[in-house]
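Student: Have a look at the structure that comes next, please.
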Amino acid sequence: MKTLNLDLQEKSYPIYIGQDLLSEGKLLTKHISGKQVMIVTNTTVAPLYLEKVQNLLLSFEFAQVILPDGEKYKTLDTLNCIFNALLKNRFDRSCTLIALGGGVVGDMTGFAAASYQRGVNFIQIPTTLLSQVDSSVGGKTGINHVLGKNMIGIFHQPKCVLIDIDTLDTLNNQQYSAGMAEVIKYGLLGHLNFFNFLQENIRDLMDRNKPLMAEIIYQSCQYKINIVVQDELEVGKRALLNLGHTFGHVIENILGYGIFLHGEAISVGMLMAVKLSHLEGYLSINQVAQVQDLLEKANLPIFIIGKISASDFMKVMLVDKKVINGNIRLILLKELGHAFVCNHYKDQLLNQVINEFCQ
């Protein structure tokens, strides 16, 4: 097992990465201060891991909420299912919530924990590659709105993140590839050696080589930690982690959640950002080809599956957390491994990229 620490002073917490961690009772229970525990999971994960986690909590008063699975359920109505269970079971402010599942479960559990009685503790047990390398780390929580993704939420840090790599054994290939999109993102952001490592090992990674999987999860979490400790509330450098997300969120919003998995939409969004970086004169056409090749080898989409008009794309793009004073801030690349927040880009080049992908 490897341990990383996210140092946020009084809000600091460990990130445990290893195999068979769901059998390590003390690893989990030492981060539970009260007597009441609510496990939040979904219909896919519950049959696989709920009982295993429950067996670690026999000395606690515990209950569970089993939510429907899917991004389309990341709503206020589903969030109320968690609040209803907490109130029905008379959970007090000393309780701890445990998020057992992927990014949707983690985001909603964190938001519920931040809101219930003005804030209670929670723990992340991510079970998808995407949530292990990205959404479980850093304290972002929230739900979607019909007009925009993740537009309602709050920052609320967990007490710990417990990443059991063995949970990926039950992850289907599409979900695994979707997680690889976020891993590739870290290679593009500021870790060129990591990008090269991914290029060299992508076939073994897609075959789920356990030591390599452990390495990419560790490196991804380490990179995100380095960003979050500098900018917890995303007022500056943390915005870099949104590479591909402005474009990707538009795709998810217009097509409807479920057509593309989040990671699949981010794959297309990253390629759009890379192509705009090329048109702006930063990247060579060969570098664009390298990125596209890596995405394809990870079995990720490189074009939009579905019909979206360019005008609708731009309209929805303006409803984004990264829009300030009506200006869309984009994350572009000066080089592979060197991202930056771009406020001044040529509108005609942005339109050119959008038109290319919306045909």
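Glycine residues also receive a Cβ, built from the backbone N, Cα and C atoms like all the rest.
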Student: Based on Swiss-Prot, name the residue from H145, H156, H245 that is recorded for the same Zn(2+) site as E182, H262.
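Tutor: Among the candidates, Swiss-Prot records only H245 at this Zn(2+) site.
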Student: Can you tell me the CA-to-CA distance separating T170 (NAD(+) binding site) and H262 (Zn(2+) binding site), as a whole number of Å?
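Tutor: If we compare the Cα positions of T170 (NAD(+) binding site) and H262 (Zn(2+) binding site), the gap is 19 Å.
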Student: Judged by the number of other CB atoms within 10 angstroms, which among T167, T170 is the least packed of the binding-site residues?
Tutor: T170
Student: Let me make sure I understand the structure: which of the binding-site residues listed (D69, G103, H262) has the fewest other Cβ atoms within 10 A of its Cβ?
Tutor: D69
Student: Hey, of the binding-site residues listed (K72, H245), which one tops the CB count within 10 A?
Tutor: H245
Student: What does the structure give for the C-alpha distance between K72 (NAD(+) binding site) and H262 (Zn(2+) binding site)? Integer Å is fine.
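Tutor: Taking the Cα atoms only, K72 (NAD(+) binding site) lies 11 Å from H262 (Zn(2+) binding site).
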